[in-house]
Amino acid sequence: MHAVSISASASAIASGGARSKAAAGRRAGEIRFCGIPGDALACDSLRASHAAAATRRAVVRAAASANGATGSSGGFDYDLVIIGAGVGGHGAALHAVEEGLKTAIIEGDVVGGTCVNRGCVPSKALLAVSGRMRELHDEHHMKSLGLQVSSTGYDRQAVADHANNLASKIRSNLTNSMKAMGVDILTGFGKIVGKQKVRYGKVGFPEKEITAKNIIIATGSVPFVPKGIEIDGKTVFTSDHALKLESVPDWIAIVGSGYIGLEFSDVYTALGSEVTFVEALDQLMPGFDPEIAKLAQRVLINTRKIDYHTGVFASKITPAKDGKPVLIELIDAKTKEHKETLEVDAALIATGRAPFTSGLGLENINVVTQRGFIPVDERMQVTDADGNVVPNLFCIGDANGKLMLAHAASAQGISVVEQISGRDHILNHLSIPAACFTHPEISMVGLTEPQAREKADNEGFEVSVVKTSFKANTKALAENEGDGIAKMIYRPDTGEILGVHILGLHAADLIHEASNAIALGTRLQELKLAVHAHPTLSEVLDELFKAAKVNSGVSHSVNEPVAA
């Protein structure tokens, strides 16, 4: 058996290769949401607080109307209409009703968008299984803990059902949370037909037209499939199909070694597949800090049934048929000369995602997309073909291409609502963390070391780097999970954190202390004095902060967050 994972970034293939301020005066008894917006509170408590939420909105709207503020719809059907009910649209909608805005959200497919239905939620269910399988299969790890496991196995359909059931549960929670808060959920495909006008409806049914004081486009993205690749959904497929886990191939090729490719390699190898990565660039995991990528390759690739080809494109992929395997023709990324043809059982195309922005009626407001992305300014305001801001129109999430992460979309949506509510807000995208949920996990926030050094050279300041190992952490050692490192890039003259990168146990959870520090402008002088419970993995960050050398005489007081 042999598994091929072809890794190539979407941009490389395409080119010849892509809250902000909390509302004042919120009371402890109000509905709260934790984690990504999908982690809504239990539906019973949501329904129980529906009446209270409606009363709050009425009071806020009445006060706003009396003051002539945004809360009054002013002759419009809605204060805010959101096209797209993914994580970004959901986050914006909930924040809007909390601010007393009459809000509607239009969804043409299913609530939850890519993240909940075809992305981060079901993939984490599969990764939960792969993590447990990997641990149970590690005889040395089990014995070191004094445990004996006679045999392990899995039920493919039960694993697939676990992922599907999780997506269904979160989707239901999202829907119920919006209904409980009084958001109008309108079904159909939304289209802008003029200034502050939206038309929506299902194919084959009469359309309806509504007006809104403000409109947010949050239509998300779809898998990007390069030219020359034929998708059949069975032997050649995207992540949308892979999440259904209809089969576990003996040998699978994964085209792309970014987040999506890495996570699926973790799943497939844990379930018994062999994998080969094919990457258009000269190294695996493009976009990661180079040092972290090198260490991650040693832990996540070299020790597993994975091989790889770098510096090549998959110029043509033909699905399996008539007893023949999947054929993948590889060409040199630079010379475009044919290198070899791979024969595999299946191929996963993980070359990134493309914005879903067609059919939105952008031509009606003189807006031209750029490689499919809707152009926006730093406040997520849409700009037209002449570079002018289109009044009362915003775009968030994957559709604008600023940072294609579900929680980034939600943060952008909340930032927009802050502006609509009369409080200017600019989101610092460098403070938004990212994570790859492999075993062990990888997480990051801010700049990579090369990016930080380039910035330092251009702006004339010094950069320092400090690292700590999970092997020095008591909790990690208790778990026998000492493989890991945390790395921080910072300015010794000011104590400003420029970037943090973590490879190790629960890295995705640990990164938030660093991301919040960047967002709030907290400097290392203050973080060194913070207290962390012992023994916990959080001490990895504690040691990282304490190891930093900040120039003497630098003030501990910081009043303003670091600018993006």
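Residue numbers in this text run from 1 along the chain shown.
Each Cβ is built from the backbone N, Cα and C atoms, and glycine gets one as well.
Heads up, TrEMBL stuff is auto-annotated, nobody curated it.
The record in TrEMBL lists a disulphide bond between Cys120 and one of Cys43, Cys115, namely Cys115. Listed in sequence order, Ser239, Ala350, Gly352 are the same-chain residues six or more apart from Ile260 (NAD(+) binding site) with CB atoms under 8 A from its CB. As a summary of secondary structure, the domain 'Pyridine nucleotide-disulphide oxidoreductase dimerisation' (432-543) carries 42 helix, 29 strand, 41 coil according to DSSP. Ranking the recorded positions Cys115, Leu262, Met404, Ala406 by how many Cβ atoms sit within 10 Å of each one's Cβ puts Cys115 at the top. Other C-beta atoms found within 10 angstroms of the C-beta of Glu279 (NAD(+) binding site) number 28, with every protein chain shown included. Here the candidates are the recorded positions Cys120, Glu279, His534. The one whose C-alpha lies nearest to that of Thr219 (FAD binding site) is Cys120. In this view, His534 (active site, proton acceptor) is surrounded by 10 other Cβ atoms within 10 Å of its Cβ, with every protein chain counted.
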